[in-house]
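So that you can see what the record holds, here are the features copied from Swiss-Prot:
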- 1-234: domain 'Deacetylase sirtuin-type' (DOMAIN)
- A23, T27, R35, Q99, I101, D102, H117, T184, S185, N208, V226: NAD(+) binding site (BINDING)
- I101, D102: nicotinamide binding site (BINDING)
- H117: active site, proton acceptor (ACT_SITE)
Amino acid sequence: MSDITAAQTTLQQAQHIVFMTGAGVSTPSGIPDYRSKNGLYTEHHNAEYYLSHAFLAEHPLEFYQYLQSNLYYPDAQPNVIHQKMAALTQQGRASVITQNIDNLYGVAKTAQLVEFHGNLYQVYCTKCGQHVDWHEYLKSPYHQTDHGYLRPNVVLYDEGIASANIERAVQYLQQADLVVICGTSFRVYPFAGLIDYRNPKAQVLAINAEPLQLPFAFTMVQQDAVDFFEGVQV
């Protein structure tokens, strides 16, 4: 049995899986990642500033235009990675903690989901607090009702993670018998720090085309994630 087949078998047999995922899960769906050679941070100088609370506060229209031009991919669809993970959550065997804000796990009907950094497609008015359909947001950054400024419910640089998301993520990890890291370099905190709350008996797998260097014991599965999940039976 190959290492990859063994890892797929481990995944199929586990009963309390936690998937910890990042932008690499959505690149097969046509959404660019952030830190690769062709990623947003490489292509755009000062991208972290453009995605900060400071830029939003100082230049709200430019912030809106930047998000609209660079982060929204409304025609993107879930790929086999999202689909297999979602199927496992629907069976009650898994949960997903993701850094992704692209809503593809929601489209895939993921049952147990923590969108740690929020969701671009959940938009609200900063004046009245009302939720607004994202289609309206892509037409205008101002609320038709009270002309308040609209923004997506995502965590910008200089903003904190919602405590409810932290609590749910920790709860999932404490119950895990298997943690699967996929599509992330696992260097962004506090997301990467969540691993410290895992069940001490949980096995950790990392699925990535390139080897990862992580400061804890784990099994490296060096394979493209699409190929890996195509071989997973759910």
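Cβ coordinates are placed from backbone N, Cα and C, and glycine is handled just like the others.
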Cβ proximity for H117 (NAD(+) binding site), under 8 A, sequence spacing 6+, ordered by residue number, returns Q99, N100, I101, V154, V155, I161, F191
All chains considered, the count of other Cβ atoms within 10 Å of the Cβ of S185 (NAD(+) binding site) is 19
Close in space but at least six residues away in sequence, with Cβ under 8 Å from that of V226 (NAD(+) binding site), the same-chain residues are P28, N79, V80, I81
CB neighbours within 10 A of D102 (nicotinamide binding site), counting all protein chains shown, number 24
Cα of S185 (NAD(+) binding site) to Cα of D102 (nicotinamide binding site), in Å and rounded, measures 18
Here the Cα-Cα span from D102 (nicotinamide binding site) to A23 (NAD(+) binding site), rounded to a whole number of angstrom, reaches 9
Across every protein chain in view, the count of C-beta atoms other than its own within 10 A of the C-beta of I101 (NAD(+) binding site) is 22
Reading the DSSP string in three states, the entry for S185 (NAD(+) binding site) is coil
Averaging the pLDDT values of the domain 'Deacetylase sirtuin-type' (1-234) gives 94
The number of other Cβ atoms within 10 Å of the Cβ of A23 (NAD(+) binding site), counted over all protein chains shown, is 23
The correct three-state DSSP answer for A23 (NAD(+) binding site) is helix
